[in-house]
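Quick look at what TrEMBL annotates:
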type: BINDING; residues: 64, 114, 160, 167, 191, 243, 261; note: substrate binding site
Ligand SMILES: NC(=O)CC[C@H](N)C(=O)O
């Protein structure tokens, strides 16, 4: 097996050569401005190494990767009662799909599709002004990464709000079923802002490390969530983290992952490492094209899989 540091450098070098980089998301206009040639990768191991290659210190819009952290926070606030308002099944549909909501009475399939994450935002709003809920989410991520420089990109949030017709439709539809407790625009305000958090691969891998280490931050030993909850969040990532591409990601990469339309992916190798990769071009399912390929190659090189003996 190669040294992890060399494996990361090899993967980054190989990805730099590729011309088939996918398409940058443009439905949020601000995301369309990002250079598709960027590529970064970072690994934070449970034994404390932080290894990076490529543009690993360049901040990008984490988008739906933030849903892992909002789910973690909301489970901390309301516990398993969350699952009365959000399901735990893969949707087999695109991230912004509305079709299942009517049949399933406004209960989204899982917390990682947009509808589910909007309900999670609504849960985080309880007892708060949107500004406070957004601040709580940002501070939680800063705490996980141990980095107070992480910020919300207000231009991305504004760009998404200005063009978020589908998300408004999802929120209004769920409100009609009684599955939003606050005004749709308030829940969406929280949602748009957490999607607009900007982080580098290094920061993201640091923020995810508790999931690779049984719920504890390996650097401090502090418990973020119970080991059982960390396993369950990992299970949601494996089954739902890449929308209608979740099965393919599990097949090819074999570890829990969560993607975002900014081109990032957070990957968790339980017991070993937290990984983050970024390449802005997306595949047909709206997941990072080269990011998925890079994680597939890295997992193969390192013999990483939750199914490895
Ligand atoms: N897949 C994603 O990253 C989607 C998140 C994006 N903020 C949206 O709502 O469309």
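Cβ from N, Cα, C; glycine included.
Keep in mind that TrEMBL annotations are predicted by a computer and have not been checked by a curator.
Everything TrEMBL records as a feature, shown here on the structure.
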| residue | record | Cβ neighbours (10 Å) |
| --- | --- | --- |
| 64 | substrate binding site | 25 |
| 114 | substrate binding site | 23 |
| 160 | substrate binding site | 24 |
| 167 | substrate binding site | 22 |
| 191 | substrate binding site | 32 |
| 243 | substrate binding site | 24 |
| 261 | substrate binding site | 24 |
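Mapped onto three states, the DSSP output places residue 261 (substrate binding site) in coil. Among the binding-site residues 64, 114, 167, 191, 243, 261, residues whose Cβ is positioned under 6 Å from ligand 1 are identified as 64, 114, 167, 261.
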